[in-house]
Structure formats: structure tokens, C-alpha cells
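Here's the structure, in C-alpha cells; my notes come after.
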Amino acid sequence: MSRLLRVIATFQKATLEGFFAILAFVFITIALVIITTASSTTGYEISIYDAYPIYFWGLFICSIVCGIIILVHQAFSEKKSWWWIIGFLIILFTNLVILLLPVARGYVTLGREDVLTYIGYIKEMLYTGHFSSNVYPAIHVLSTGLSLINGLAPELLAELIPIYFILFYMFSIYLLAKKISSQRAQALLVTAFGSLLLFGISNLWLAPAVQCFEMLPFTILLFLRVQTLTKHLSNFLCLLIILLITPFFHPGDGTLFLLLTLLCFSFSMWIYRNFNQYKQETDSFLCLKDLRIWYPILTLFITWFAWFSYTSTFERAISVIWDWALFAKGQTTAIQYFTYLTAANLSVLNFTNLFFKMYGQVTIYCLIALVISIVTLKRFLTTEIRIEFQQLNFSILFVVFLALLFVAFFSNILYVNYTREMRYVVFAATIIIGLGLYPMCRKKHKQIGIIVIVVVLIASTTFGVFNTFPSPITRTSNSQVTSTEMTGMVWFLAHQDSSLLIDELGLSQLRFAHAIRGVHNVPPNIVYISPPPDHFGYDKNITYGGSYTTDRYFINSIVFRVFYPSLYPEYPHLWRFTPSDFYQLDHEDPSANRIYSNSEFWVYLVHGTGITN
């Protein structure tokens with residue numbers, strides 16, 4: 001009996017982590033069995049979440065929560081062990097399985113806009129062996145090289161490469177946290193907050209700006225190592241390579257926000273040296289001469305300016321900023337949202353519900369980080385309490401990007417959408433939360449602090465899992481590209497009369513032409529956006545063709561036929577196209593002749609009659 005008690009006691013000491021590790025293994029195994037036994041989709045699905053039962057997604061959440069509990073317990077445990085690695089790997093592997101679901105479902109690729117154009121660039125390089133005019137050559141060269149090495153199709157690589165980058169981002173968060181944290185517990189908390197799915201569909205899109213951002217933690221790590229280590233040749237060479245190729249990944253916000261980050265670090269160092277109330281700081285980063293920190297900044301700026309000023313995007317960006325600054329041209333995101341909300345006439349409850357579904361995770365991170373940043377800055381400026389440099393550093397970075405987010409939301413002066421700044425805000429918040437929460441929770445009310453941290457992480461996990469893929473949950477449609485769409489567009493491009501214009505709904509004729517034929521081999525009648533008149537003009541004319549005086553094509557995908565009924569079922573008065581419109585098009589409109597159909601893709605030849613009521 002005593003021996004059994006000793007075994008149980010020994011088991012209890014080691015099994016809080018072990019129990020949750022086994023539990024996570026069970027959860028993820030069940031999820032994998034469900035994935036392997038489920039058949040892949042044969043057509044378009046408005047939401048991947050509807051493809052599996054609700055408990056399937058609960059298995060993922062529970063698995064990640066097990067990893068979180070292990071990490072948080074290790075952060076506050078007085079006895080160090082390597083169990084935190086198991087917790088971290090559980091989270092990473094669960095994320096990997098979630099991100100691979102589109103591949104398991106048999107999607108041709110994921111992303112219906114820019115991604116298809118990038119696929120076109122990759123195919124051009126494969127066909128010709130070189131790239132022509134290209135603003136983002138680095139990501140396309142990388143993808144082309146991988147395709148040549150492993151033989152994978154560009155469409156599949158467009159699904160796999162983003163997964164590698166986001167997992168690399170999560171691992172880099174740990175490396176960066178280890179470098180900047182004064183205590184092991186802080187590094188583990190930063191890792192816990194940074195290893196969740198934080199960026200929605202951006203986790204899965206082949207997008208140079210996103211991949212550029214996902215290299216940010218590793219770039220900062222190398223930057224800090226170069227500044228603080230005496231023997232840093234390997235780190236210096238790695239940093240130099242990244243700084244030189246970053247403008248070729250994305251010369252816009254991808255490079256400029258990295259440049260701004262490094263400038264914020266320089267400013268933080270100056271602030272800390274000149275206004276620090278606690279004078280006994282020993283951080284080696286602060287012992288440097290100011291000149292040394294400027295070498296990477298100047299290298300990045302010179303490379304960026306040499307490349308970006310060469311591209312047409314530079315002139316366009318200057319034009320947009322100039323027009324808004326002087327003439328307030330262009331509609332801001334704030335005005336667009338206000339227009340949509342006014343038309344929808346949402347109640348406060350419905351608006352709050354939608355807001356938290358879309359931005360609940362970001363809100364949690366920002367509120368906590370904002371409180372910690374305010375406390376940090378106040379203590380730094382008004383008291384003699386020691387404030388760690390990196391906590392001040394990332395607090396300043398957080399405040400700067402949060403301010404830019406609001407500027408981008410309420411104006412067009414930054415040229416980019418506010419969601420671009422949001423990624424950097426979340427990154428800075430991740431670091432601040434991990435660095436700041438541990439000192440607050442380690443002494444008084446330790447158990448309550450641990451519970452609060454775990455609850456916050458569980459809430460963030462839930463938001464992250466259900467925000468990863470576009471769905472009616474967040475009023476967005478799946479960005480899946482189907483084989484029926486690709487087959488239909490291949491047929492259309494091969495048989496169409498290039499002298500006729502083309503209307504489109506549910507897909508972009510230009511993007512699909514890029515993906516199929518390459519960016520520089522597009523027929524002359526293919527344009528960027530050409531939607532038909534609302535309700536096909538039936539509210540003003542007897543026929544669709546009555547809106548035109550010449551013939552044209554109309555191509556239509558299932559995506560738009562299910563768009564309004566699935567995403568906005570309670571607002572039929574706001575639908576631009578209704579099921580009755582499509583019924584009239586298919587059965588009652590003599591001006592529209594259907595010349596191709598494969599169940600999810602339709603091509604019509606619309607005869608312009610110019611007939612009005």
C-alpha cells in the first residue's frame with residue numbers, strides 16, 4: 001500500500017504537464033481521424049466550419065488549451081523543466097493541422113484576388129526562366145525555386161508557403177522572447193500569447209506584405225544580437241541578407257514598417273538614456289554608441305529607396321497620399337464602415353456581437369497591452385521604480401502602431417488599409433503582455449493571476465480558431481478556389497471572342513486569367529473589375545441586354561449566388577442580386593444565352609438590345 005502511495009505521489013508531481021500532454025494527444029488524434037475519414041469537397045463551400053461537426057473544432061481548441069496550461073504552469077513553476085517544450089509543440093502542431101485543412105478539403109488554392117496574380121507570376125517564371133516587371137520578385141522567385149525542386153504546383157505552394165511562414169513567426173517569437181526577457185517566465189508567457197492563430201485569413205494567404213511581417217520577430221532578434229554580441233559575424237550576415245531582400249519581398253508597408261520599428265528602437269534607446277529615473281541599467285543594448293544602431297537602418301533605407309522609387313507603385317502611392325492630404329480625395333475606411341452600418345441599421349447589441357466576432361482577439365490583446373503600456377510609461381517618467389528597457393521599447397512601438405492604425409482608419413494618408421497596421425499592433429501587444437503580466441502576477445494574488453492569464457488565452461484561442469477562415473461567422477465568404485471555376489475559366493479563355501467585353505460576378509476575370517495564362521499573357525478584353533448592373537438591370541429594363549447597346553459576355557460563379565443569402569440573410573432589402581434575379585436570368589431573359597455551365601460556373605452571351613421599359 002505504501003509503495004502504491006509513493007508511486008501515486010511521484011506520478012502526481014510530474015503529471016499535471018503529463019496529463020495535459022496525453023489529453024492533447026488524444027484530442028488531436030481524434031481530430032486527425034475525422035479529417036482522414038471525411039471526404040474532400042467537390043465544389044464550393046461558403047464556410048469550411050460547416051464541413052465538420054462543431055465538436056471537431058472543440059477538439060482543436062481543447063488541444064491548444066492543453067498546451068497553454070503546460071506553458072503557463074511552467075512559467076510560474078518554481079522548479080524548471082523541459083515540459084514547456086511539449087506544450088509549445090502541442091500548440092504548433094495543432095495550428096499546423098488547422099492550417100492544412102484547406103489542403104485536406106481538396107481546395108485548388110486559397111485566395112481569389114492577389115494570390116491568383118502571384119500564381120501567374122510564378123507560372124511565368126517557370127515557363128520563361130526569368131521575371132519581367134514585378135514589384136515583389138522575392139516571394140515569386142522563392143515559390144518558383146520550390147516548385148522546381150519539389151515539383152509541386154504553384155496553386156498548392158500558394159497554400160503551403162504561408163503555413164511555413166506563420167509557424168516560423170511563432171517559433172521566432174519564442175527566440176525573440178528568450179533574448180529580450182529578463183526572466184524565463186516572461187519568455188514563456190510571450191511564447192504562449194504569440195503562438196496562437198492571431199491574424200485570421202492572413203495566416204493562409206500568399207501575400208508578400210504578410211510574409212514580410214512574419215519575418216519581423218526574427219529580423220528584430222538578429223538586430224538585437226548584432227548590437228549586443230561581440231562575435232556576431234553570422235548574425236550580421238543573416239541580418240544583412242534579410243535587410244537587402246526585404247524591399248524585394250514588399251517595398252511598401254512590409255519594408256516601411258520594419259524601418260519604422262528600427263527607428264522606434266533607436267528612439268526608445270535615446271529616451272531610456274536621457275529620461276530614465278533608475279540610473280543603474282546594465283542592458284548591453286544601451287551601452288552602444290548611437291552610430292552603430294544606424295547602420296542597419298541606413299542599409300534598409302537605401303535598398304528600399306533604390307528599389308521602390310523604380311516601381312510604378314511608388315508614383316501611385318505618392319499620388320494617393322497627395323490627393324488626400326490636399327483635396328481629401330478618396331473614401332476612408334471609417335466612412336465606408338459608417339455607410340454600411342447605417343444601411344444595415346444594426347442595433348447596438350448586433351453591432352457589438354459582430355465587432356467581437358471579427359476583432360475580439362485583437363481587442364483583448366490591445367486592451368491589456370494598452371493598460372500595461374500606460375503603466376509602464378507612467379512609471380518610467382514619474383517614479384524611480386526600475387522599468388526594463390525592452391518593456392519600454394515595445395510599449396513605445398505598440399503606441400506608435402496603434403496611433404497609425406487609427407490614422408489609417410480615419411484617413412488615406414498612409415495609403416494602406418488599417419489591417420496592415422493591426423498586425424504590427426498585435427505583434428507589439430504580444431511582447432508587452434508577456435513581459436508585463438508576469439511581474440504583476442508573480443507576487444500577490446499569484447493563483448488569481450494564473451487563472452486570469454489562462455482564461456484570456458482560452459478566449460483568444462477560441463477567437464483565433466473561428467477567425468482563421470472566412471465564414472458567415474465574420475460576414476465573409478470562403479476564399480476557396482474550386483476546380484470547376486478553373487476548368488470553366490480555361491474553357492472560356494480558349495473559346496471567347498476577345499473583341500467582346502465581359503461582365504463578372506463571383507470571380508475576377510483578370511485574376512483567374514493571370515493564374516491560368518500568366519500575368520503578361522492576358523487577352524485584351526480582360527479587365528480588372530466589370531460587374532453587371534444591380535439586379536441585372538431588371539428594375540429598369542425588361543432584359544439584361546437592355547442595359548447595353550452591344551453584345552458582351554457574363555461569367556458567373558456559384559460564389560456570388562450564395563453570397564447574400566448566406567452572409568446577410570436578414571437584410572434582403574440590401575441585396576444587389578437576389579435568387580429571383582438569377583432565376584429570371586436563367587429562364588426568362590431572351591437576351592442572355594447560356595453557352596457554358598458546369599454546375600458552379602456559368603458563361604452567358606448577352607445580346608445588347610438597348611430596349612427599355
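Using N, Cα and C of the backbone, Cβ positions are placed for all residues, glycine too.
Note that the structure is predicted; figures quoted are calculated from it, not measured.
If you check TrEMBL, you get these features:
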- 20-42: transmembrane segment (TRANSMEM)
- 54-72: transmembrane segment (TRANSMEM)
- 84-104: transmembrane segment (TRANSMEM)
- 156-177: transmembrane segment (TRANSMEM)
- 184-202: transmembrane segment (TRANSMEM)
- 233-250: transmembrane segment (TRANSMEM)
- 256-272: transmembrane segment (TRANSMEM)
- 293-310: transmembrane segment (TRANSMEM)
- 358-380: transmembrane segment (TRANSMEM)
- 392-416: transmembrane segment (TRANSMEM)
- 422-441: transmembrane segment (TRANSMEM)
- 448-469: transmembrane segment (TRANSMEM)
When you look at the transmembrane segment (422-441) alongside the transmembrane segment (84-104), do they share 3+ Cβ pairs under 8 Å, ignoring any pair fewer than 6 residues apart in sequence?
no
Leading contact stretch, 54-72, 233-250, 293-310 vs the transmembrane segment (448-469) - CB distance under 8 Å:
54-72
Residues of the parent chain within Cβ reach of the transmembrane segment (233-250), under 8 Å, 6 or more residues beyond its termini:
136-139, 208-209, 211-212, 215, 218-219, 222-223, 225-226, 258, 296, 299-300, 303-304, 306-308
Mind pulling out the one from 20-42, 156-177, 293-310, 358-380 with the most Cβ pairs under 8 angstroms to the transmembrane segment (184-202)?
156-177
Who are the long-range neighbours of the transmembrane segment (293-310) in its own chain, taking Cβ under 8 Å and residues 6 or more past its ends?
223, 226-227, 239-240, 243-244, 246-248, 251-252, 255-256, 258-259, 262-263, 265-266, 269
Would you mind listing the long-range same-chain contacts of the transmembrane segment (358-380), meaning Cβ under 8 Å and 6+ residues beyond its ends?
193, 196, 198, 275-277, 387, 391-392, 395-396, 398-399, 402, 422, 425-426, 428-430, 432-433, 436-437, 456, 459-460, 463-464, 467, 474-475
Beyond the flanks of the transmembrane segment (422-441) by 6 or more, those residues with Cβ under 8 Å of it:
75-76, 173, 176-177, 180-181, 183, 185-194, 198-199, 202, 210, 213, 216-217, 257, 261, 362, 365-366, 368-369, 372-373, 375-376, 388, 390-391, 394-395, 397-398, 401-402, 405, 448-450, 452-453
